[in-house]
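Asks: Quick one: the structure is below, and I'll ask about it shortly.
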Amino acid sequence: MDIRNEFLQFFHNKGHAVYPSMPLVPNDATLLFTNAGMVQFKDIFTGIVPRPSIPRATSSQLCMRAGGKHNDLENVGYTARHHTLFEMLGNFSFGDYFKEEAILFAWEFVTKNLGFKSKDLYISVHEKDDEAVKLWEKFVPFERIKKMGDKDNFWQMGDSGPCGPCSEIYIDQGEKHFKGSEDYFGGEGDRFLEIWNLVFMQYERSNDGVLSPLPKPSIDTGMGLERVQALLEHKLNNFDSSLFAPLMEEISDLASLDYASEFQPSFRVVADHARAVAFLLAQGVHFNKEGRGYVLRRILRRALRHGYLMGLKEAFLYKVVGVVCEQFSNTHAYLKESKEMVMKECFEEEERFLETLESGMELFNLSLEHLNENKIFDGKIAFKLYDTFGFPLDLTNDMLRSHGACVDMQGFESCMQEQVKRSKASWKGKQNNADFSAILNAYAPNVFVGYETTECCAKVLGFFDSDFKEITDAKPNQEVWVLLEKTPFYAEGGGAIGDRGALLKDDEEAAIVLDTKNFFGLNFSLLEIKKALKKGDQVIAQVSDERLEIAKHHSATHLLQSALREVLGSHVSQAGSLVESKRLRFDFSHPKALNDEELEKVEDLVNAQIFKHLNSQVEHMPLNQAKDKGALALFSEKYAENVRVVSFKEASIELCGGIHVENTGLIGGFRIVKESGVSSGVRRIEAVCGKAFYQLAKEENKELKNAKIALKNNDVIAGINKLKESVKNSQKAPVSVELPVEKIHGVNLVVGVVEQGDIKEMIDRLKSKHERLLAMVFKKENERITLACGVKNAPIKANVWANEVAQILGGKGGGRGDFASAGGRDIENLQAALNLAKNTALKALEG
């Protein structure tokens, strides 16, 4: 049975609108991941947005519960039901039908469509919900209905807001397999399994805890697809169902182990985590050091550790992830489209961790021998595993689980705090919270007038030294912080540097403004004092002319993000930025280097919007209204209820508090000067506009003129080609480079990197020297990695070998069975490419 389709069709026939699964990354700053079916309807339930015209909905929602409040990660593999990623089937009523219909629909679907026997079904209700008891008694005898308290049968969205009792349908799996003391209805055993939760949202809880009836009660239900699939197949464990069979087969083949072996928990961990990795990567989450990216990294590393237990010492998870992409390609087409990218990024992350996994495991095993009698694992060692070897804390605890031990959290946290102190970013002098507390008590937030003007009269409220201790006056040649009653200087934020400028007194320059920062809601400017100033002085604050150039680069950054999303896809999201007067730097999520065609398209799109002379528009509106308009926002930012929205007509709309040009025409022009990788899944573009754009054009024109003179040819390309030919002819002998040769099963294996020389000639020399050969030589040149490979009387084709390795470098290979070449721009992946080249060759030789 196709349970998903059966469920959606059933409720569609009952007048429900069918909604697609929303992304795993919700447009909700309070959630790390989408963790329930009701998330996409949250604003409807809370009344933020009006009810839809069809007040009934149904969906099959992909959910993630790993990290944050809802975190099942540590239980996966050890229980029958826990998953990081699962599908939640649900039906919803927005003030339309209520308990009677919800119970009727649920009973009909469970007994008729799913075919569960009514004698095996049990019901739980809230202890005060007599109405639900009476409704259930139409289908179930009273002795199979159990009243429970708030802990089990009362649901609420938060400390205040919509809430209500809930009712759950349980199924008796039979006493044949469950004979524990807790295996009774209402006990802690697994015999009676919850399959469907019906939430009756009928109250509003006020801030002081008082419950008031809602004028239009609603329904929210949830049922796990994986759980139902296992029940229909009479399996006692979700992982034993046909949903996971293709994954178990792949893992079994890779590890040469049987699923029913002692490694069964590890099979289940790898299968579950492969699903999570595939969907998260395909939906634009990338491996990172924080936030969702770090949760993804933790999931992958936990899977690798369980693979290690099964003897898998090389990258393997990417192959299981590939099976996930194929398995779900019919219901989630984007998995098929992004399969290559997903597998590549997974492989690269595996390679990075495998470099330290072996050493980390050695340290872990050695430390196990010194466990104290309380089985407390040294917190300092746990921190070293985390900090040096990349072992997330929950991974270390997971490894300790089988030894009945746990980490000394106090020791771990102590090491973490020490590291935070060492690495904490600081400006000249360090923040002193006690001093800031005194400042905040003494001064109200100063008024920022920089949106309206670049100059204003202002009163000096106070001066502060580098430790933010208040001083009464400022003397020439001192560097001090100043707090003005009102200020036109924009504080560093949103990637833009702080304003610079000057303070005038009596028509003379009294201080140079070096920088502006916001600390705890107060805008401070850093001054270099030229003329003595004191508290209470009236000054004229002037913003430097470079403000306009910063604004040009800031507006260009907005246009750049929109262009990237149009060219590369909606998975692109900001990962960091820097906006200065002479350049911009924009970091964004994308799995591979941009090729020349993509870069040209992005640059052309930005310039097209500049040449349209689009006016900027600044609006203030509620956060949800801004999101509904499609405004881009940073998940890491905490936004107020009302936000500032900057748009350039249809070209760009973002939440932003920064300074922008009034018209895109003022940007002048836009040029990308560099594209590079920052980390796995994060790319960086550096660009210029405005005066810097003009200056770059001047410099390039000058270089072009000098090149013509040097080449003695007005046609530079022709001159360069002539010079290259001359150099080639002048080379009397090839560069001799000796690379290490390994002999394996009679075949000479060469994999290495050279700094100079013709790598194709090197391959030819190696082929003439050896009767049996597998050789791949890499060379770094012009921000690219090129490779050449040769095969002679060996069990692999050169073109297949080269193409597989080239994908790691963000490129493709081509050639014949005996010789091939390739290249790519992901130079940061050179080591991973070397590892893959050698491992592929070794497998071919071993096979």
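Keep in mind that glycine also has a Cβ here, set from the backbone N, Cα and C atoms.
Annotations per Swiss-Prot:
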BINDING   His554, His558, Cys656, His660  Zn(2+) binding site
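Are these features on the surface or tucked inside, and what touches them?
Replies: Around the Cβ of His558 (Zn(2+) binding site), 25 further Cβ atoms fall within 10 Å across all displayed protein chains. A helical conformation is recorded for His558 (Zn(2+) binding site) in the three-state DSSP classification.
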Asks: Excluding His554, His558, Cys656, His660 themselves, which residues in that chain have a Cβ inside 8 Å of the centre of the Cβ atoms defining the Zn(2+) site?
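Replies: Nearby residues not in the site list: Gly494, Ala551, Ser555, Thr557, Ser616, Val646, Glu654, Gly658, Ile659.
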Asks: Within the chain of Cys656 (Zn(2+) binding site), which residues six or more apart in sequence place their C-beta under 8 angstroms from its C-beta?
Replies: Gly494, His558, Arg644, Val645, Val646
